[in-house]
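Enquirer: Grabbed the feature section from TrEMBL, which reads as follows:
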- A:94-176: domain 'Peptidase M4' (DOMAIN)
- A:Glu169: active site (ACT_SITE)
- A:179-347: domain 'Peptidase M4 C-terminal' (DOMAIN)
- A:His270: active site, proton donor (ACT_SITE)
Amino acid sequence: MNTIAPVFCTIVPPHVLDKLAQAEDPRLSGPARRTLEVDSAHRTRRRITGLRAVASPTAAATGNPHRTIHDCEHRTALPGKKVRGEGDEPGRDATVNRAYSGLGATFELLLSAYGRDSLDGAGLPLVASVHYDEGYANAFWDGDQMVFGDGDGEVFLDFTLPVDVIGHELSHGLTQYTANLDYQGQSGALNESVSDVFGSLVKQYTLDQTADRADWLIGAGLLAPGVSGEALRSMKAPGTAYDDDVLGKDPQPATMDDFVRTSQDNGGVHINSGIPNHAFYLLAVELGGKAWERAGQLWFDVLTGGELAADAQFTDFARLTVAAARARFGDGAELEAVTKAWSQVGVPTA
Amino acid sequence: MRIQVRRTGGFAGIERRAEIETSGLRDAGDWRELAERAMADGADTPSAGVPDGYHYVITFDDDRTVHCADPGLTDAQRALISRVLKEGA
Ligand SMILES: [Zn+2]
């Protein structure tokens, strides 16, 4: 798929080519711009020269991504043929290029906002496979890597299109290396919600959006033209993302009053995630500003803090976010906002 | 042979079902051969699967039920599932 010689002159540094490749796609020209704007001179220089990170005064803020993209060529053997490694210039396959830059955006959020060097905190290489199977309308994390299908073209488009979907899959890796929430019932819904939260934060970070400007959608741009819906999930208004003849209606609840009991989908992990998703949204909007800074920090603190049990329930997670708010910000607006957010979705914190 | 497929989970968490009655079809023999291979490798109980991976339940003649999940499908399971979802109703 990606064996054709790159159309761009290779004298231009790879990261610049990356931006050029992305610029054709309006959904990704934002991320490219964001990356260019926010990179400190130090880190930009590192990326251009491809040097390994040198220990800096803020020890946490080191590290470079180690990305590899594979092409399954519409078969199902993983990982498939390697088509792009770290620092390689983009090829003609937009799917490969999107996966590569989405991995980079997620890596960059973790590093710059939270000082975490990749998913495991120790520079874990990031691996993704694209063009999985024929018309495969899904993406998943297999425990070691991300896998993306092209979509069926009728209901779902290419799963690499929304950067929040890429961030979502990678965040399953982050959860696996930290709290390792059981993918079942409420802990499974928390696992899903953490992925939606950081997936959305990756998108907001790449667009440099404040909480009030963000769309808070998961999978915007993924539904084919003609499908009645704007995305797969809405953190702002769970249950309203789609209402379609083929897909049915978005089943997500926003509050505990509408918690769904089901044996399907590992106990409704993609359904009840709407409740903690909405709590995060309420917190972020109440605090204002960039959601990855304070609200995201609290969620990151809980996920990585070592106290969140693998079988945690919503109330366990909620209580830990309150404790994290107190520990990090004292008895301020953050504490009040996080307590209020959980209360609004019906999850007790006391 | 009546073959039912139920797919759950996935990134979207949207369930899909389809079934086909193969008796009388011109390629009923092919269906039976594929079904038997898919059945032989299926598990009796659901596995944990992977985050956002699909889970599949395949039922044959309302009698035998097997479970499988992405990405661990055998070729026969994958072929059967995609045929039923495509050609079934
Ligand atoms: Zn997920």
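Sequential numbering from 1, following the chain as shown.
Using N, Cα and C of the backbone, Cβ positions are placed for all residues, glycine too.
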Enquirer: Below 8 Å Cβ to Cβ and six or more residues apart, same chain only. Which residues does that give for the residue listed as 'active site, proton donor'?
Expert: A:Glu192, A:Arg233
Enquirer: Around A:Glu169 (active site), how many other C-beta atoms are within 10 angstroms of its C-beta?
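Expert: Total other Cβ atoms inside 10 Å, all chains included: 29.
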Enquirer: For the residue listed as 'active site', which DSSP three-state class applies?
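Expert: In three-state terms, the residue listed as 'active site' counts as helix.
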